[in-house]
Every structure is written in structure tokens, then in C-alpha cells.
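Have a look at the structure below, then the notes.
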Amino acid sequence: MLFLRLVSLALLSGAGVALAEPRISPSVIHEKRTYTPAGWSRSRRSLSSAILPLRIGLVQSNMDKLEEMLLEVSAPDSGNYGKHWTAGKVAQTFAPSRESVDTVRGWLGDSGIAPERVRLSGAKTWIEINATVEEAERLLGTEYHVYSHSSGKEHVACDSYSLPEHVSKHVDIVLPTIHFDAVVKRDGGSSHTLSNIGQPGVGLVPKTTGTISSILNELENCDEQITLACLRALYEVVYVPVATSENSYGIVEYTPQAYLQTDLNMFFSNFTPNLVGTAPRMVSIDGGYAQTEYTGFDYNGESDLDLEYAMSLVDPLPVTLYQTGDMVEGASFNNFLDAIDGTYCTFEGGDDPYYDSTYPDPYGGGYEGPENCGTATPAYVISTSYSYNEADLSPAYAARQCAEYAKLGLMGTTVLYSSGDDGVAGNDDLCLNPDGTQTTNGTMFNPSFPGTCPYITSVGATQVNPGASVLEPESACMQVIYSGGGFSNYFAMPSYQASAVEHYLTAYPPPYTAAQYNTTGKSRAFPDVSANGANYVVAIDGDFYLVYGTSASSPVTGSIMTLVNDARLAVGKSPIGFINPTIYSPAFYGAFNDITTGSNPGCGTTGFNATAGWDPATGLGTPNFPQLLARWLALP
């Protein structure tokens, strides 16, 4: 299916063989790019004497066993369920082998690179050399060109690169090559395409129909306005946390998105009076802070929404706010991951400076402190209401980040991401074209990321139908937004969802062809679950707004999972960790409210229908808190 190939993490990160290999072997193409990113055009050949900081990301040990290891602590029928790993065990288990280090060093030496020029990172996860373009082209069997952007920026890249066959199996990724990952000096804005995630209108953002003059806080009005009372009635949430000193719930925000305390107080005074004056526990990452220079829905809408509902639903448990990135550089998901797991800063070569922000700010004016690596403790549940389009990223970049989510799962963290608000289309209603580009008139479905990563829980959106009550079934959200869902073009289907997805494809075969979506039946399907995403009453910049989006669905689902954790921790059990193998298991049949009406249109189609059982519009359905609580308490 087009240029996007189906790749499992095992294929991207297979372990090296144990026996010594010959030092001379034929070259094989390691990575290839089939199109030039939008806005860029090839300008000229690179100067042969120019210096490139080559970084060679080494294959991690045991990555072919990653899913198996995660299932060992996450599957409800495993004897090791809930026996999560320490960070030290994770780092030790996935460190590159000595053979990988020696093989790459040997190849560089045989190619004329003096040993003193070769640097091995402290975590032994990548090898770096400063090479001339001429040396890099010889090492990688490629040609480097300068690409010009419509903004005037320039970048050095190649279309593909090769490695000796005996070296290739020890390498995940080489930078800079096809990924457009060179740092380009800012000219009026950040050059890091993914570190703009918190900027207004970038990526997944909540939607609004405007302000409201009065609040309807009665259950009979939940089809018009969603409040805390509606959510508690819909999902039967009647629970007061007791293990508040042991439990933890984290919300991730990306600057300049920020909450206003006056907005929190306005909301709390109407719905949770005892929280008036209460702020989240701020964890600043790479200079992040609750900025007040810019206000309004585009700057405060996301954070106000997330915190007002999360803090209220888990009260009296404090909520941790991971405020990520400063006002100048911004931040990406990788910058956040660096902060909660220091080993990730150098995992498979470290961050990609095209996608990810660099700290201290190399250009001045931004956060001048050191990059935050391992400085923040991951909460037991972490909700993020932001996403990219999968096609925004290279398969190797996506796989590298996805592997980190699996490692967090091994350590007992539940990671939730919104699935998207544009149905089967990507953010901004972009769809794919056969050449891999994304346009609004494309005809191929455009899945989200990290929603397609098999090691996170993807959350779609539902609605209370107009004229219906909270006692009636919800449908897939079709007011203002459409629940994101579909099938990955990068990741293979994980074993835990195979039965549920196969049932859907057999019983309700979608009326689309391979020219529209990945019809192999072997790719990761999403979302996993859903929650209401329409008509939320949110205090923003001094007014109450009606807000829509999976941006609401994810923190609400995270709050419910946090309450389950509280009950388990209170009786001496472990947190629920990576929940997907459990919620798809027979032991949890009926633990979610099945959604069977609605669809998720996009790309000129009606999208996928919500059906009995799992479906690509609403996943397994919405939480039934009493059922989830009883079944998780029954597990060891």
C-alpha cells in the first residue's frame, strides 16, 4: 500500500546474531524516502568538504522480544501480571550488544575512519563521527543534496542510503540521511516541525461552537451540555479516592498551551467548590511554564479542558501537570519522554533535531538550562490530548518512540492518547495521496500517531445523541468532530487485539479498497476505547464554552483508570499499567459500553461504522466503571 510499508517493531529493531560475521559483505538499502516533504525542493549537491555530524543508532538488544515481555506483565492470564519492571532492568535489558558496537566500529575502521574520531555514547546506544560529505557519501553509498524550503531555510539530506549487509542488522537508523533531521536556524518561528505541537491550530486541537450564556447542570440536559454530573451518570462513576499518597495521574501539555488559575477557579466554583484555589502539581520540562502572555481559546482551551475535568474527577487526588517546552523552542513528544526516562535521551541515537527541540536553546532567547533527562517521575496514568498524523513521521522515528511507550508499560504506566478529531482523515482533514503526500483532496485514509502505536491506549469520542438521555446508548461522535480511527500503515497488529479486529473485518467488512486504507487485516487497528467528546462545558478565559474533541475523551478515560488504580493500590495491588491486553481479553467482555451507531467520516467517505464489538470508530466502547473496578480488583 503506497510508500508506507507495514513494519513491526521486531522488523525495525531485530536483535543481532551471536556469531562473528565477515568484515566484507554486499551493501543493502537501509532506508529510502520516496517523496520530498511538502515545501522543500532539491537545490544543489552538497559541498564535498562540508561536515556532517553522523549519528548511527544501534539496534537494541531483545527488541524482538519486546511485545512478549510486555505481555508477560500485562496479560491477565500471565503468572507475572502486575509484576512491573524497574527502570534499571529496562535499561539493562534493551542495551545494545557488544557485538553491535564492535561491528559498527570495525566497519568504520575498515572504511578509513580513525578510531579517535569515533565516539560511543555513555549509554552505548549510538555512535557518532563528524564526517565530511565526501566521507559520508562513501560510507553510505549515497549522494547528499541541499534542499531549499519556501521559507528560505536549507537542509542537507539524501534520498536513500545503504550499509554493508553484516552492518545493517546492527543499525536501526543513521542521521542525517532521509529524515530531514538537520537543525535549521529559526527564522521567525521554530524549524522543528513536531515541536510546534502546542501552537494554536497545529496538530490535534479541541474545537468549540462558542460561548454559552447559561449552564444546564441537570441530567436531562446532557444531550446539550456535558458536565461532571453527566459523565458520572454515563459511566457510573461513584468513587472517592483513598490511596492519594500512593497514586498518581499526569496530564501533558505543550507550551504555549497553558491553564489559567482564574479559569480553574471559575469551573470549580460551579462544579467542585472544594477545589477553588487548587492548582495542579507543576512539573516543568525544558522550561515549560503556565504562560499568561497569550490567552484565549487557542492558548488556554486544551489545558483548561484537561485539568478542569481531570482534577474534578479524581478529587482529592492531586493531578500532575507535565508542562513541556518553553515559549521559543516548544517541544515534541520525545522531549517529554526524555524527561520521564533518562535512558531515552540516547536511545537509538537520541532525539531527532528536525522533529524535536534542542536544549539549551542553541539560538538564544529560549530555555538556557540543560535538557531535562530523567528528571520527572512518570505517573501511573498519563493522558495526552495531542497527536500527529502517522505520515508526518518516518517509520523508524515512529517505531523508536513507540518502543519507549512499551518500556513505560513494562514499568507500570498507562499511556493514553487522543485518537484524532477528523474521522479516517488526519489532522486538518488531510488525506494521503498515492505518492505519500498529504492534501485535503487526497482519497487515502490517514491514521494518527501515537494512536497507531500498539503500546499505547488510543481513545476515540462518543456523544449523547440529540434528544437522548444519559440512560440511552451513546453513538460515535458526529457533532463538530468525528472520532479518529482506522488502521496503521506502519505497525503490525498486536496479538492482543487480533481476535476482536478479525471479528469486525469478517462480520462487518468495510466497503473500501486497498487504494483507500490498509486492507491487509494485519495492521494495528485503533482506537482501543472511547469516551464522550461533545458539548463539554469548559471555563476558558473568563467565559464558559462548549468544547468538542477526543481532547476531552482521553483525560476523562485517564481519570477513570486512575480511580481503578486507587482501588487496587488501596488493597496492596499493583497499578494496572499497560491495559490493552487486559481490556481485549475474554475476562473483560462486557466491561465497556458497546457503541453500535454512528461512523467516522473523512477522505470523501462515511468512514467506518460503529458496530457490535470492537470497531474502528469507537473501539471496545466507553468505560463501565463498576465493571472495570470489579474485574481489575479480581486480578492479582
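All residue numbers here begin at 1 and follow the chain in the order shown.
Glycine is treated like the rest: Cβ placed from N, Cα and C.
Model, not experiment: these values are computed from the prediction.
Annotated features in TrEMBL:
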- 1-20: signal peptide (SIGNAL)
- 225-635: domain 'Peptidase S53' (DOMAIN)
- Glu302: active site, charge relay system (ACT_SITE)
- Asp306: active site, charge relay system (ACT_SITE)
- Ser551: active site, charge relay system (ACT_SITE)
- Asp594, Ile595, Gly613, Asp615: Ca(2+) binding site (BINDING)
Checklist entry - Cβ distance under 8 Å to Asp615 (Ca(2+) binding site), same chain, sequence separation 6 or more: which residues? => result Gly485, Tyr504, Tyr508, Ile595, Phe608, Asn609
Checklist outcome for this item: Spacing of the two Cα atoms, Glu302 (active site, charge relay system) and Ser551 (active site, charge relay system), in whole angstrom, works out to 7
Checklist entry - Just how many other Cβ atoms lie inside 10 Å of the Cβ on Ser551 (active site, charge relay system)? => result 28
Checklist entry - What average pLDDT does the predicted model assign to the domain 'Peptidase S53' (225-635)? => result 91
Checklist outcome for this item: Should one count Cβ atoms within 10 Å of each candidate's Cβ, the recorded positions Asp306, Asp594 would be headed by Asp306
Item to check | Residues close to Ca(2+) site centre defined by Asp594, Ile595, Gly613, Asp615, Cβ within 8 Å | outcome: Thr596, Ala610, Thr611, Ala612, Trp614, Thr618, Gly619, Leu620, Gly621
Next on the checklist: I'm trying to understand the geometry here, so how far is the Cα atom of Asp594 (Ca(2+) binding site) from the Cα atom of Asp306 (active site, charge relay system), in Å to the nearest whole number?
Outcome noted: 25
Item to check | Rounded Cα separation (Å) that holds between Asp306 (active site, charge relay system) and Ser551 (active site, charge relay system) | outcome: 8
Checklist entry - Reported as an integer number of Å, what is the Cα distance between Ser551 (active site, charge relay system) and Gly613 (Ca(2+) binding site)? => result 24
